[in-house]
Structure formats: C-alpha cells, structure tokens
C-alpha cells in the first residue's frame, strides 16, 4: 500500500509538472507576437529549467519503481524543456543573437517530435490513454513550433492548442492522483486510477533485462544525431554554439542513464551510455569552440578516435549476449568514430554527418522496438543467439546471469560493478594525451574533453559506484585518478597552465604522487593487474611532475601514456571477458603480498556454502554438531550461531563476538514443538502467545527458570540471557528453521563485534569475525536491514507486555496478536496442551 501511494505521488508530480510547463508555453504562445515575446527569453528559460528539473526527479523516481513508459516520457520531456530553456536563456542573455534562435531550436525540436511520437504509439498499444494524449500532443506542438519558427505567425496558434490539451488532461489526471494520495485512496476522480502492474508482465527475464531507462538513452542518441545531421540536410547552416545546449543535455541525461543502468544491474548498457555521453560532451565542446567569440577549429589527436572505435567494437561484441540488435546498433558508433578518425579537423562534416544520419534512423527504430518489447516482448531482437553460438564452442562456458553475478565485496549494494567503464576511461584519457600540444595554444588540439570528461567525471562516477559496493581500494584509486585527470586536464590542456613552470605546480603534483604511492602499496594485496595499473599511473604522474619543472625528456610522456593505456585496455578487456564467461578466465594474477586471515598465506577460508542447497545446510549442521560456530542468514540480518548441546561452542561464540555483558546471547528454536519438554514450566498464556506470534521476527524475553538445563548448555548457560530472563525466538526463515531442526535449539548472537553495525551480507561475516568462524551459510544480501522486535513477556501473567526494541514487526501488530490471545483466554479457550494439567487434582 505504501509503495502504491509513493507511486501515486510521483506520478502526480510528473503529470502536474508536464501540465505546468504546458501552461507556461501555452500562455507564451497565445500572448506573443512575431515582433515580441510575452515572457522574456531569460525568464522563460529559467522557468523551463525549473520544470525540467522537477520532471527529471519524477522520472528517476518512477524508473526506480520500474514504470518504464511514464519514466521515459517524463525524462524525455525534461530533456526537451531543459535544452529549450538553455537556448532561450542564452538568447535572453545575448550570448546568442535573436536571429540564431531558429537554427538553435529546430534540430532539438525535430528529434523530440519523432521521439515523443514513437512513445505515443507505444503507449497506444499499451492502452495508456493519458500518456498517449500527452506525448502525441507535445509531439505535435514541437512540430508546429518548428513551422512557427520557419514562418512567423504560422503554427503558433496550433502549438498553443496542443499545449492547451496537455494542460487540461494533465491537470485533471494529476489532481485526481494527488487527491487519491491525500485521502489514501478513499476518494478517486473517475478515470484517474493507476493500472496495477502484473508480476509476470515481463515473463521470466532476469534483472539485467529490466533496465527501464534504456529508451531515454536512445532518445538522447536521437537528439545528438539530429543536431549533427541537420547541417548535412541543410536544415540549419552549420553546427554552432547554439547547438551546445542540446548536445550537453544529451550528455548529462546519458550520464544519468549510466548511473541508473548500474542500479538496474546492467553494466553493459551502463558502459555503452558512458561512452556516448563522452562523445556528446566532446561534440558540444567542439561546437562551443566555433563560437565567434572564440573562433577555434580544433583538430583531434589522430590515433585517438581509432582507440575509441576499438573500445566500441569490443563492447558491441559482448553486448550481443543480451540481444543481437543491441550489438549491431553499437556498431554504428564504431563507424562514427572511424569517420572522425578519417577527419582530423573534427568539423563534423561529410562522413561523420552521414553516419549520424544513419544513427538517427536506427535510434528511432531501436526506440520503438525497445519500448514496445518492455511490455509485450513480441518483436524479435536476436535474444539468445549469442548463447547459442557459445554453446557450440566447448572451450567456452557462459556465466549465469543471476543475482550472484554482481555480488559486492561487503554488504548489500544496489549497483553493478563499474570497473569496466573505469578502465575504458583510463584508456581514453591516456591515449588522448599521447600527442604533442603547443603550450601557447593548447585548445587547438582537442584533448581537454577526453581528459576532463573521460578521465575525470566518469572516473569519479565509477569511484562512487565502487565505494557503494565496498571496494575501498578500487574506489580510492578511481576517485584519485579522476581528480588528477580533471586538474591536470584543465591546467595543461585548458589554457590555465600557460608558460608557468616552477615549484608551485610541482608541489600539488607531488601530493598526488604520495597518495598514489599508498594506492600502489595497497594494490600489492589485491592482484598483479591492479598493481601494474597503479604503478604505471605513477609513471604518468612523474611525467606531469617533470613537465611542471621543465625537465621532461623528449618522448617520455608519450611512452608512459601508451604503456598505461595498454595496461588499462587489458583490465577493460579482462573485466568484460570474465564478466561474460565462467571458463576460461583472463588472468589478473594473485596478490603479491598476502596477510594472515582471509586469503592469508597457508590459511584456508572456512566453508562458504550456498543456503539454497540442502547438502550445504547439512554440511553446516555437521560443523555445528562437531562444536563449530557458523554464520547464518535469517529473516532479518546475519547471525552467529552455536548448538546449545555443545557448551564449548557457545563459549567460543561468546568469546569470538567480544560480547558485552549487557548484550547477552539468545535462544532460537525451529518451532514451538522444540519447547515441548518444558511446556509444563511455561504459563498457558505465554504458550498461546508464542503459538500465535511465531514464526516471525519477534524475540520474546521470558522469565529464566530451571528448564534451561534441559538443552544441555551446562556452564555456558550463563552467556544466554540474564540471571532473571532470556530471549527466545522462532525465526520466519526456511533456511534457519531447517538448520535448527537438524541441530536442535541454538544459541544466537549478531555476527559482528559488539558495537559495530549489523551484518547484512554473508561476505561480511568472515570479514568482521575472521578465521574464528567455522562456516558460513551464504544467501546474499539480507532481505531486511532491520533487526527483530524484542517483546518483554516477563509480566505476561498480569496481562501486560512491554517492548525493549521495536524492529521489523511494528508494535501495533504485536499488540493486536496479544489482544486476540487474551480474548481467547477470557472466553475460556485454553491451549489443548494444558488441558491435562488442569484436570489433575
């Protein structure tokens, strides 16, 4: 219910945002004349940017709830009004002339006319009437606006009429959903309910196939292709500074698609849109340099576009494992980068523009197929062909695409592994600086966007994702290198360096040198590939230092850049290969230095076995029966367990945990039947309350008694509970109850040293407790990151219960269960197990 309410709110925000933006453009179109605009361009641009930000928020939140069509519409309209707002803002501030407004707006409006028309067709097939009306009307409005820009007075009223329809439909539907949210569904306007998504609407596709933001990335490719192909078709005179807002809007949105794709566990798509965002930033930067105030026509480092084409080609091959259509689509970008390599002046003419025209058509087709298949999955795209080919090669074994593919090092991560993109960006940044640049005019050679965007911004993004996955060393390296590439790129290749050589610049570079020394030492404990990666970047920083003090040997910087680029390329290729194939694996090498503990020299890690296999549960049970202690998944977080009939194991668990005196261990059973031997020592009300509340995430604190001796705890009983009470629980977890059935009642404590955070992933058990653990039952991330609810039942006979901690089970639910048990007792309904006791004299 809470999820539906949240979706209703985000839907309302998105619809009302579209309605508000349409009302703004409606008023402006009706009140403007060919000579003067009703709303000043600056004000109109700022308002459109604010609404675009609101729509982007709504679209992202809806994408996280896997509502792909509305999310695509929100983000596409956000990009449309964001790009338009920037153009209006530049014209209003006189950065662009008033006569340049048409040439600046037409390519972007043309792209969104087609993109929104495609989304309207898909929404019609999906019977989403409101979305169909909105997308079709905005598409027609963009088309009429192009006509109005070409001929003043023609199309302006039609544009306003289209926005009027969007305003009315959006206001009614958005207010209806908002009313439903405010009244918690008690009041709903007719026709404003949301269709419920069926659980099986997407067939049996895995998590990597449920990437709802792919259509947005395709729309952005459509946008950039339109901007670059329009001069070829003579729609606009040439690529100019007025097109920079569209290109950079596409780049920013594709960065967002990249991040959301990692969140959707789709690292191949994330890598692709990371690459295309770099291209769009570079295209916009090149267009910016052609502005009259700058008037620079940059040339590209000749080998560089070839390197980019190789990266695109390899990514296209591996993307075929998803669908053949995706791999073929990415080959068009291989052709585009090759066309750029054949045209060092980077004027985006001739061959490059022709390829972009082809990308425009193919992107439109891919947008239609992808959006349609997300709900219907009827248009064939070659899915499974890659697997069929690999199955014929006996030496190759595909890696299964399940939830274990992107398991993080520590804890639960919502993001896939991003190292492939990080290493690819290092390749781009390294080869971009392998060219001579004149210190007096560094902007003539196009190096800045490759170093700052690829080496800087994308590396920082990859470092953030690696940090979220618990990869401390890798995240540190990517963030450090991202900062280094950004600072050095802006300084050396952005015109800030000038002729300055001396101590001030060298001091900053030396600090990076010292930080990277620590990263290099840390890489000794990881693997050989990472050590070479950090060590060769150390050589690049040394080249920066020598350049700063004016002592750079001829060719040294080019040599070390090529070496670092080749090492990064191997890491990129091995990352893709090892992520795709289970066998064989491209070697990364063992750690050069190994410490005692996990993976230490001469020591083996304790058994880590999958919880979904019955044989694995039996293996852990045998370890516990032999006096071992193990990590176990539950319905909440991971716990450390020991068999009650092995007192030495309970003692070991207590010492291993460094248990504080005020945090005693608890007793767990697989069902209330395991308490049958002590039933006569417990009150009827408590027994019935246990029967009604369990199995669940509820721990009950009950009075301690001599019945504890029946579990074989011996002297270790002092570690369970306090002298007055003990916590007992029956977990709502099939794996845990099966293990307890095999072992008997167990002593339980949290799987972390006292004072630390709860353990939410099986990798954390060994990481936190080391070789003191004898086995770990692995089940991935915890289903809940909240601990159990602890109920005080020591005074239950007086009709009262208390709460030591309110966790996963809310207090109201526990009280409701207790009240129902009390009512049964007040009406004389007593648990049948106590009837024999009551009949005794």
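Cβ coordinates come from backbone N, Cα and C, glycine included.
Outside the transmembrane segment (9-27) by six or more residues, the chain places 38-39, 44, 47-48, 51-52, 54-55, 57-59, 61-62, 65, 67, 70, 73-74, 77, 81, 130, 134, 138, 141, 159-160, 163-164, 166-167, 169-171, 173-175, 177-178, 181, 194 with a CB less than 8 A from a CB of the stretch. The transmembrane segment annotation in TrEMBL covers 9-27 (among others).
Counting same-chain residues at least six beyond the ends of the transmembrane segment (39-57), those with a Cβ under 8 angstroms from any Cβ of the stretch are 13-14, 17-18, 20-21, 24, 27-28, 31-32, 74-75, 77-79, 81-82, 84-93, 256. Among the features that TrEMBL reports, transmembrane segment is placed at 39-57 (among others).
The transmembrane segment feature in TrEMBL is assigned to 69-91 (among others).
Residues or ranges marked as transmembrane segment by TrEMBL: 153-175 (among others).
The transmembrane segment annotation in TrEMBL covers 246-265 (among others). Residues of the same chain lying 6 or more positions beyond the ends of the transmembrane segment (246-265) and with a Cβ under 8 Å from any Cβ of it are 56, 60, 63-64, 75, 78-79, 82-83, 86-87, 107-108, 111, 207-208, 210-214, 216-217, 220-221, 223-224, 227, 271, 273-274, 276-278, 280-281, 283-284, 287, 405-406, 414-416, 418, 421, 457, 461, 465.
Taken from TrEMBL, the feature transmembrane segment applies to 272-296 (among others).
TrEMBL lists 302-320 (among others) with the feature transmembrane segment.
Here the transmembrane segment (443-466) has long-range neighbours at 255, 258-259, 262, 274, 277-278, 281-282, 285-286, 289, 296, 298-301, 304, 346, 415-419, 421-422, 425-426, 428-429, 432-433, 435-437, 474-479, 481-483, 485-486, 488-490, 493-495, meaning same-chain residues at least 6 beyond its ends whose C-beta is under 8 angstroms from one of its own. As annotated by TrEMBL, transmembrane segment applies to 443-466 (among others).
Positions annotated as transmembrane segment by TrEMBL: 478-497 (among others).
Long-range contacts of the transmembrane segment (503-526) within the same chain: residues 473, 476-477, 480, 483-484, 487, 491, 497, 533-535, 537-538, 541-542, 544-545, 548-549, 591-595, each at least 6 residues beyond the stretch ends and with a Cβ under 8 Å from a Cβ of the stretch. According to TrEMBL, the feature transmembrane segment maps to 503-526 (among others).
Among the features that TrEMBL reports, transmembrane segment is placed at 531-552 (among others).
Summarising the annotation, TrEMBL assigns transmembrane segment to 558-582 (among others).
Look at TrEMBL and you will find 614-809 tagged as domain 'YrdC-like'.
Most Cβ pairs under 8 Å with the transmembrane segment (558-582) belong to 302-320, among the candidate stretches 69-91, 153-175, 272-296, 302-320, 478-497.
Long-range Cβ contacts of the transmembrane segment (478-497) within its own chain (Cβ-Cβ under 8 Å, at least 6 residues beyond either end) map to 422, 426, 429, 433, 437, 439, 442-443, 445, 447-448, 451-452, 454-460, 462-464, 466-467, 505, 508, 512, 515-516, 519, 537, 541, 544, 547.
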